[in-house]
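*Asks:* A single structure is presented below for examination.
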């Protein structure tokens, strides 16, 4: 049975084998299996975001099992609707599977979605399958705003506090450890942060309720995503050195960084895929847990145009700010 | 410029170059560009469906331009929400692009989405991009039921009339003509039916309003999809010979079928991707335009178990009922 591949089953047989493993959501009115699912949208609006994962670019089969990939695909999507101030309700998943894909891997993938989404009441309410040369997982996620105004990237105002909920650099460290073949001991926590990120989902709606002026999910690294928020808001984000604002995060990275001969602060400033929440709040706001202040929003000026991110008052000396899919 | 590939641009540059080409929808409250889009759901529920297209399996670059592929990707998704009785409101699109993909092709793809979705007020409200070895287009579509009960596949009852809106076999004929290298003259209409299918979108809500008991989009061929409806409803669909029910459809196929040395009725019974609506109605219902009666729903019996489809009272002698992605 373990050697059964998707080519051994008809499409209907394969679907029938994994659908019972998928989570059914609290908002699901008509589940997967018809031309479309029907999902409750009590707010009268819904948030929607989509993210695609490609084999060898976003995950490697040898780095974890299918459940790790399912968890991570779900996590990075859930995080996007939380970053609007919404609670996730439902997702759909399209899979492109090489004919050699094992059925067991597809079942594990389904279990990974269920492990993260099930307890949240989020359904996997539809999908599509195709053959292809490379594994592709395309997830679309939906959320309900529960009457909140959506929190955009563009609302940061000079004087606001910049804050972050979640970890910084842990997933990047975990990926570097995996890529170097390290496993075991203290490294496993960082590796788990990469394979099974725990986005700060509750922090999104909590930030919206607390009056956050801007928010986004940190998926491509703090500096890169902060500069996107700064550009969209027409401001400068002035961050304190992370050694001062989040010493615990750096401490957690320092041992692995020393062994990998790299810089813990570099991981924390540029490492992606932690899926924490970056938000700005009017000064004096009692920050909801687990937000921690990182710095201040400043007006752009002649020295620092809109979109700039400063660390300790100056542009950080980082040559690689995140990564890019297409640039040669 | 025409030789520019996606590898020549950063991800942000590529996105900025095609987003202005995408349609903005009537239901779009927060458009693409933030962590998630926000879409109006006036009904308090939304329909959602997803479909993935893979290069060389669902389309071939040499068969048409990017706009044809975008149109077809949009059409087959829009059809799925119409088949629930909903009006489409919004879609999101994930793209996996080989680095050699030309930027002009991606722009054409965006225009194809806009040409079909724009006049319908359907937005392309988000997406994601990745590199990969093979072109993949994953579309998720949403629809609003406008207070209607969703029409499921499972509601057909013995005595109901079976009806269809749209064309049958035209896309299959068009694909066969393209595969054989034919173009021009009378064939171009059939080729257009494959490259730019026109799903019977208005027929979906109209059928729901008229009291349709079951409905689905015909994407994998009439016989295969009818047997799915029959199985889900626990009934038998008893169709008249198509020569009697839809003689015009067969007539339109006959010349091409003769030249391809195949059978027009075979195309009409098993050809997929026309995206017509198959529905059942209580006997005596005035069928909404453009539905045409195809037959009758019967109770399963010892001779014909639930899920059977009969043509002229007997199981049709068709060895290949549609197609399957994975079966070797």
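Placed from the backbone N, Cα and C atoms, the Cβ positions cover glycine too.
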*Asks:* Besides B:35, B:80, which of B:17, B:49, B:102 does TrEMBL list for that Mg(2+) 4 site?
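*Replies:* Among the candidates, TrEMBL records only B:49 at this Mg(2+) 4 site.
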*Asks:* What binding-site residues from B:49, B:153, B:219 have a chain A Cβ less than 8 Å from their own Cβ?
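*Replies:* Sorted by position along the sequence, the hits are B:49, B:153.
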*Asks:* Validating a neighbour-count step here. Other CB atoms within 10 A of the CB of residue B:50 (Mg(2+) 1 binding site): how many?
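*Replies:* Other Cβ atoms found within 10 Å: 27.
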*Asks:* Whole-number answer please: how many Å between the C-alpha atoms of residue B:128 (Mg(2+) 1 binding site) and residue B:35 (Mg(2+) 3 binding site)?
*Replies:* 11
*Asks:* Below 8 Å Cβ to Cβ and six or more residues apart, same chain only. Which residues does that give for residue B:49 (Mg(2+) 4 binding site)?
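*Replies:* Those within reach of residue B:49 (Mg(2+) 4 binding site), by Cβ under 8 Å and sequence separation of 6 or more, are B:77, B:80, B:81, B:140, B:141.
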*Asks:* Sort residue B:153 (ATP binding site) into helix, strand or coil using the DSSP assignment.
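*Replies:* Once the DSSP labels are grouped into three classes, residue B:153 (ATP binding site) ends up as helix.
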*Asks:* Run through the Cβ atoms and count how many others sit within 10 Å of the one on residue B:80 (Mg(2+) 3 binding site).
*Replies:* 29
*Asks:* Of the binding-site residues B:35, B:153, B:273, which one has its Cα closest to the Cα of residue B:220 (Mg(2+) 5 binding site)?
*Replies:* B:273
*Asks:* For the domain 'PurM-like C-terminal' (B:157-254), what's the model's average pLDDT?
*Replies:* 94
